[in-house]
Every structure is written in structure tokens, then in C-alpha cells.
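Single-structure report; data block below.
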Amino acid sequence: MLNKPVLVESLIVFSIVLCVHAVVWDRYSWCAVALAIQAFYVQFKWDRLLQQGGAVFQFRSTANSGLLPASMVIPLLGIAMKERCKAAGIVYFERFGIVVASTGMLVALFLSVIAVGITKPVPTNTCILTGVAGSIIIYTMKHSLTVSEVIEVLEVLLIFVYLSMILLYLLPRCFTPGEALLVLGGISFVLNQLIKRSLNVIEGRGEPIDFFLLVAVIGVIILGLFFTVLFIFMDSGTWISSMFFHMMTAVLGLGVIMPWLYRLIRRNPLFWLLQFLFQTQTRVYLLIYWTFLAASACGIVFYQNTKRSSESKKHQASTITRKYFHFIVVATYVPGLIYDRQLLYVAAVLCLAVFIFLEYIRYFRIKPLGQTLRYLLSLFLDERDSGPLILTHIYLLLGMSLPVWLFPRSCAPKGALSGAGALVPYAGVLAVGVGDTMASVFGSTMGEIKWPGTKKTFEGTMTAVFAQIIAVALILIFDSSVNLNSSYAWILVSVSLVSLLEAYTTQIDNLLLPLYLQIMLMV
């Protein structure tokens, strides 16, 4: 039997799925419900495989498989995007939403088939459910997608299969199956979009900041794969290897990534970036302010490490100490969302590239900073960083940035959605920056009534809900572009369900919660 927390987590996810499709019910709703039911049953098989050590790859052992909550994210995002763009009359992005939903369903179904296939003895009932769900999804895709869209979906699936085999082998214990589905599925989709747009460059199709995101994400991943293969044959901790690392980074950046970006945006990427960053006085003020906050975050890291040095026993940063970074991130994102969202979009991409590059330096022990970063960041490790990579800070950045990056600007009149959709760019701030932070701080300090089967407390969850409601009120006061049109009940339901999910999920909440809140607000 599934344990009680997993059952409650599944019930919350089913509630979100039903809430979404109570608003948006069409042929894709049958597919989503069928996918959710079969993912629930297959999740049990994945959990048993992880407990028995029967999985093909090594996954994170401190959490359940998380297949159900992860399986529903991409399909629901696609469905929500489709409905928003259909209402705005933007046919191109309506079809794009259908492709996103279909791709998410097929990738999740593929991961389910793998679990069923390696389970011994073969679970007959689960096989039947998977077959029924697969038949419904494939039948719907056959009658909904054009030939070119079917090919695009299959391309993403093929990329996902190869990426999974490579990265899950190279990075053991870094992901649960659900987290692997979200992260690798997202990377696969981004890579396919970049290849598609590079081969079909049309003047005026797409904004430079969108191309900048695609090229930056794929560029740093290619960089990591290149050095992973290279350092199999040589010691990465020597000065010669470190010099070669920096030299090849410059070669790949200037010789591959920059020309690739130039082909897409039709101008010099460096000149475009500098002109973009310093285009207005507001942007200069924001950059200065963000630089101060970055320096403050570095100061916290150094200060906490001096405390560790002065103590005889092993010292680890407390939960409240780690939440300092959440407060800093909220202070970073809110002014950007209010005053200049495009600048925030680009700055978040740059910050993601820097975070991943610094993680390469730490992981490969590249001189002169590799060992120092290992020492400094080891203070902030928790049970989720059980693999060779430290990803929690990257997940925090992604959780705050994805609602900004995935915001359907082309389907939003005057750059803003109406009703609860106006809060979509704030989904990361609300779910992670406010809700998760308040739940953790108040739950760990004043919480007494624990949710059954978890370490999370009732007081922490209630505080998270109230804090997000207060945050929404403050957003209404300070951001004139937000107009909720009396959709307060839906916002309350959304933040309540996501806060309950935070209490019961064992997945990376920094990544999962903003996406579910974004889905609820978009519909």
C-alpha cells in the first residue's frame, strides 16, 4: 500500500487537475484525467522499485518517486496556455499549447511504461491502465495534431530518451523520477525549440530575449557535457586542466554560442545585451540594487562559514538561515516584476548561466575557486543534495523565474492577463518566496500540530496561506497592471491547494509549487 503522505499528495494533485478541468473541459481533459489515474498507479511501482533498488539508474533516496505530481505539470501548462491564447485569438500559440500538452503526456507515459516494464512480476492491472491511458492520449493526438506537430512531439520524446540515459548515468542520486521528468523534459523541449528555430529563422518571429533564454540554457548544458566527457580522461583538479577549462569555455562561448545567438537575433549579441541592460535609467537603478542584494547574499555565505570555523563540532546552516536567501530573492524579483519585467527576464537568464557555470567549477574542482566553493557551499547542504551536484539554489532560481519566462506575453493584451491570470508572473514569489518561506519559518519555530505522516505543521501551512493573501493585497497596491476582476475565491483556492501540496510533497518544492500555482492562476 502507498503510505499516507503519498496518498494525500496524490489527492491534492487530483484536486488541482479537477479544478483546472472544471474551468477548461475539452477532449484534452479526458487525456489529462486518464494520465493522472495511471500515473497514480505507476507511482506505486516506481516507489517499490526505489525501495528494492531495482531501478535502472540511481535516484534520490530521501523522497518518493513523485511521478504523479510531475506527470501533470507539463500537460496542464500546455492546456492552460492553449486556453489563454485561444481566448486572445492567437492561433500560432494556441497550437503551440496543444503541442506542449501532447509532449508532456507522451513523455510522462513513456516514463510510466519503463516502470511497468522493469517491475517483476509484471503488474497486469497497471499494464491495462497504462494501455488504456496511452490509447486515449494517442487517439486524441491523432485527431488534434498535424503531421508536423506529431513529428515535433516525437522529436522531443527522442531527445528526452537520450538525455535521460546520459544525464541520469552521469548524475546519480541527483533526481527522483518525477524531478527527472520535469527537468529533462523541459531541457528536451528547449533543445528541440532551439533546433527548430535555428533551422527556420524567420525575420520578426520571436523576440531576442526568448532566443537568449534558449541559447543560454542549451549552451551551458553543452558546456557541461563536453567537460564531463573530457575529464573522464584527465584530472580536473590540476592547474593545467583548469587553464584548459577556462580556455575551452571562452572558445565554446565565442566560437559556438555567440554565432548561434547572432544567427537568431540578427545582431551582435554582446552589443545587444549591453544596449538592453542600460537602455533606461530605471534599468540602471535596478542593476545597482540587484548588485547590492547579490553582495548581501555572498556576505551571508561568508558570515555563516566564519561561524562554522569558530565551532569545534560540525556546523550546518539552519532552515531559517537558508530562508534568508528566499527573502533576498523576493526582494530581487518584486521590483523587477513591477518596474521592468523584460530586464528581470534577461537578468534571470544570466544568473542561471552563472549559477550553473559556478557549479561546474565546484564539481570539477577547477582552480582557483573550485575547492573554495566546495567548502563554502557544503554548509548549506540538506538531504535533497545527496548527489554529486548541489542544485537547491538553482531550483530556487528556476522556481522564481519560470513563471516570468513561461508567461504567455503574446496572448496577453497589453502585456497582462485579466483576473487571477494577472498574478501569473508573481507565482514564484507567492509560492516559494512567501508561502514556502513563511511555512518553514513559522512551522519550525511555533508549529505544534503536525500533518499526519509528515514533519510539516498545520500552523506553518495556515501561515503560508495568510501570508500569500497579504502578498496579493500588497501586489494590488503597488502594481497598477494587476486587475483581479473579483477572482478572489479562485486565488484563495489556488494558494490553499499549493500550500497543502508543500506540506505533503517530498519533491523539490522550489520547482514544483510555482508551476502548479502558475497553472491554477492561468486558467
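From the backbone N, Cα and C atoms, a Cβ is placed for every residue, glycine too.
Annotation comment: TrEMBL describes 12-41 (among others) as transmembrane segment.
The feature transmembrane segment is assigned by TrEMBL to 61-80 (among others). Counting only same-chain residues 6+ beyond the ends of the transmembrane segment (61-80), those with a CB under 8 A from a CB of the stretch are 6, 9-10, 13, 16-17, 20, 24, 28-29, 31-32, 35-36, 39-40, 42-43, 46-47, 49-50, 97-105, 107-108, 111-112, 115, 173, 176-179, 181-182, 185-186, 189, 383-384, 386, 406, 501, 505-507, 512, 515-516, 518-519, 522-523.
Per TrEMBL, transmembrane segment is recorded for 92-116 (among others).
Using a Cβ-Cβ cut-off under 8 Å and counting only residues 6 or more beyond its ends in the same chain, the transmembrane segment (122-141) has close neighbours at 27-28, 30-31, 34-35, 37-38, 41-42, 44-45, 102, 105-106, 109, 112-113, 116, 150, 153. Residues annotated as transmembrane segment in TrEMBL: 122-141 (among others).
Among the features that TrEMBL reports, transmembrane segment is placed at 153-171 (among others).
Annotation comment: TrEMBL describes 211-232 (among others) as transmembrane segment. Long-range contacts of the transmembrane segment (211-232) within its own chain (CB-CB distance under 8 A, at least 6 residues past either end) are made by residues 166, 170, 187, 190-191, 193-194, 197, 241, 245, 248-249, 252-253, 256-257, 260-261, 264-265, 269, 273, 345-346, 349-350, 352-353, 356-357, 360, 364, 405.
Positions annotated as transmembrane segment by TrEMBL: 244-262 (among others).
Same-chain neighbours of the transmembrane segment (282-303): 321, 324-325, 328, 331-332, 335-336, 339-340, 343, 347, 376-377, 379-380, counting only residues six or more beyond its ends whose CB sits under 8 Å from a CB of the stretch. Positions annotated as transmembrane segment by TrEMBL: 282-303 (among others).
Positions annotated as transmembrane segment by TrEMBL: 324-339 (among others). Counting only same-chain residues 6+ beyond the ends of the transmembrane segment (324-339), those with a CB under 8 A from a CB of the stretch are 282, 286, 289-290, 293, 296-297, 300, 347, 393, 396-397, 400, 404, 425-426, 428-429, 432-434, 436-437, 478-479.
For the transmembrane segment (386-406), the list of distant contacts is 60-62, 77, 81, 171-175, 213, 325-326, 329, 333, 337, 341, 344-345, 348-349, 351-352, 355-356, 359, 362-363, 377, 380, 424-429, 431-433, 508, 510-511, 513-515, 517-518: same-chain residues at least six beyond its ends, Cβ to Cβ under 8 Å. Feature annotation from TrEMBL assigns transmembrane segment to 386-406 (among others).
Summarising the annotation, TrEMBL assigns transmembrane segment to 426-446 (among others).
The transmembrane segment annotation in TrEMBL covers 490-517 (among others).
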Cβ-based contact of the transmembrane segment (426-446) with the transmembrane segment (244-262), 3 or more pairs under 8 Å: no
Beyond the flanks of the transmembrane segment (244-262) by 6 or more, those residues with Cβ under 8 Å of it: 198, 211-212, 215-216, 219, 222-223, 226-227, 230, 236, 268-270, 357, 364, 366
Same-chain residues near the transmembrane segment (490-517), Cβ under 8 Å, at least 6 residues beyond its ends: 5, 8-9, 12-13, 15-16, 19, 62-64, 66, 69-70, 73, 77, 176, 178-179, 182-183, 384, 391-392, 395-396, 398-400, 402-403, 419-420, 423, 427-428, 430-432, 435-436, 439, 451, 454, 456, 460-461, 464-465, 468-469, 472, 484
Beyond the flanks of the transmembrane segment (92-116) by at least 6 residues, Cβ under 8 Å: 28, 31-32, 35, 38-39, 42, 45-46, 49, 56, 65, 67, 70-86, 122-123, 126-127, 130, 133-134, 137, 141, 144-145, 149, 152-153, 156-157, 160-161, 177, 181, 185, 188-189, 408, 410-411
Positions whose Cβ lies under 8 angstroms from the transmembrane segment (12-41), at least six residues beyond its ends: 67-69, 71-72, 75-76, 79-80, 82-83, 98, 101, 105, 108-109, 112, 125-126, 129-130, 132-133, 136-137, 140, 143-144, 493, 497, 500-501, 504, 516, 519-520, 523
